[in-house]
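One structure is given here, and the rest of the page talks about it.
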Amino acid sequence: MNNKKTLLAVAISGMMFATSAAAVDFHGYARSGIGWTSGGGEQTALQVNGGGSKYRLGNETETYVELKLGQELFKEGNKSIYLDSNIAYSVDQQVDWEATDPALREINVQFKNFAEDLLPDATLWAGKRFYQRHDVHMNDFYYWDISGPGAGVENINLGFGKLSLAVTRNTEGGATATYGTDKVYYIDDNGQIQSRFEERKANVYNDVFDIRLAELNVNPNGKLEIGFDYGNAHTKNGYYLEPGASKNGYMITLEHTQGEFFGGFNKFVAQYATDSMTSWNTGHSQGSSVNNNGHMLRLIDHGVVQFSPKVEMMYALIYEKTDLDNNQGKTWYSAGIRPMYKWNKTMSTLIELGYDRIKDQSSGEKNDLAKITLAQQWQAGDSIWARPAIRVFGTYGRWNDKFNITDRTNAGYKAKDAEFVAGVQFEAWW
């Protein structure tokens, strides 16, 4: 293990050296810190029971790093070929030496202007990629994200907008809802060779076909993006999905971006998904499941406004209703704001207020969580997006669970309680 880690460190050091020796681009993201919880022990994250995201400020408990290296490998006129990569790490920030295997998040090649005469400005790409992801920064919620291994052509200039076509895959490894049979030989108690058929499990391959039409000018400083994603599951010959598995589904997305919006921007998003696309509601598909037949409706409004040269604010409103045929769906309500007051160009104070509610489809019961964070921050510039940043924070959260209570109590908490967290964190992107 030590040799493995040493070789990895040498490889990264070599790549870092290459950034100064050749035209290699080095980008990335990182966060880390230390925190304490009023109930004792290390910092704990405050997240609504049944929810998939949380308001981030003063509420992140892991060390997370993405290291991106890329280089233009070919350039001729307007044509160019770019190699991009991304290795990610995540540890619990508990001790000095925390060993973890890296995750290869991206490795792809992008050929810009590959068909300059026929498709000017279009890019042909293939490989693993973060593909045109859309998210709410405050709670790290990726509402449109089909990232994975794939291929496509993007930014085809149609004159009135840009068209992108892609296919990506997310495989369900050894999915429990996928079956086949193997003939197995064995020796019985009498020493005779016998045979029987045993059930086996195998992967389910979910392909997502993505069509996007972006940069549609619909009003002054306003642009519309329209997307359609179709997910379809398939298996190897000799295997089959469990009866009732969703197998396929689709998701439709409309996103309006308003620029020059009170000194910032506003995004309004409407999404509708069916069946296999309702498991995560992001654009990824889970066709092996028998528990995701149904539909989802989501509305999001988020952005940034600048009230004065001294004050900026992030905001987010989310409504998501998933109605499932088995009555196991949920409705998610979320609202948050993060105002920032700038004392000078490199020092600021931030407050984040976040509220999440999950309503159970079958019982109508609700789980709630509210949190407030006060943070003093030193950052590289006077924008709310300025990074790197070092922040000292205090966070107070209160929750009240009415269903799936054991998910909370099994983790050592009461169904209705509160917690105070304090700590120091840095965050950087470059």
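The backbone N, Cα and C atoms fix where each Cβ goes, and this holds for glycine too.
Per Swiss-Prot, signal peptide is recorded for 1-23, and the stated evidence type is sequence analysis.
For Y29 (among others), the entry in Swiss-Prot reads site 'Greasy slide, important in sugar transport'. Neighbour list (Y29 (site 'Greasy slide, important in sugar transport'), Cβ cut-off 8 Å, at least 6 residues apart, same chain): Y64, V65, E66, A428, W429.
In three-state terms derived from DSSP, Y64 (site 'Greasy slide, important in sugar transport') belongs to an extended strand segment. Look at Swiss-Prot and you will find Y64 (among others) tagged as site 'Greasy slide, important in sugar transport', backed by sequence analysis.
The annotation site 'Greasy slide, important in sugar transport' is assigned in Swiss-Prot to W97 (among others) on the grounds of sequence analysis. Non-local neighbourhood of W97 (site 'Greasy slide, important in sugar transport'): empty, since no residue in the same chain at least six residues away has a C-beta under 8 Å from its C-beta.
Among the features that Swiss-Prot reports, site 'Important in sugar transport' is placed at Y142. Contacts of Y142 (site 'Important in sugar transport') defined by a Cβ separation under 8 A and a same-chain sequence distance of 6+ are given as R133, H134, D135, T282, in order along the sequence.
Annotation comment: Swiss-Prot describes F265 (among others) as site 'Greasy slide, important in sugar transport'. Every protein chain shown contributes to the tally, and the Cβ of F265 (site 'Greasy slide, important in sugar transport') ends up with 15 other Cβ atoms within 10 Å.
The 10 Å shell around the Cβ of W385 (site 'Greasy slide, important in sugar transport') contains 12 further Cβ atoms across the protein chains shown. Feature annotation from Swiss-Prot assigns site 'Greasy slide, important in sugar transport' to W385 (among others); the stated evidence is sequence analysis.
According to its DSSP assignment, W429 (site 'Greasy slide, important in sugar transport') is in a strand. According to Swiss-Prot, the feature site 'Greasy slide, important in sugar transport' maps to W429 (among others).
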Cα distance (Å, whole number) from F265 (site 'Greasy slide, important in sugar transport') to W385 (site 'Greasy slide, important in sugar transport'): 13
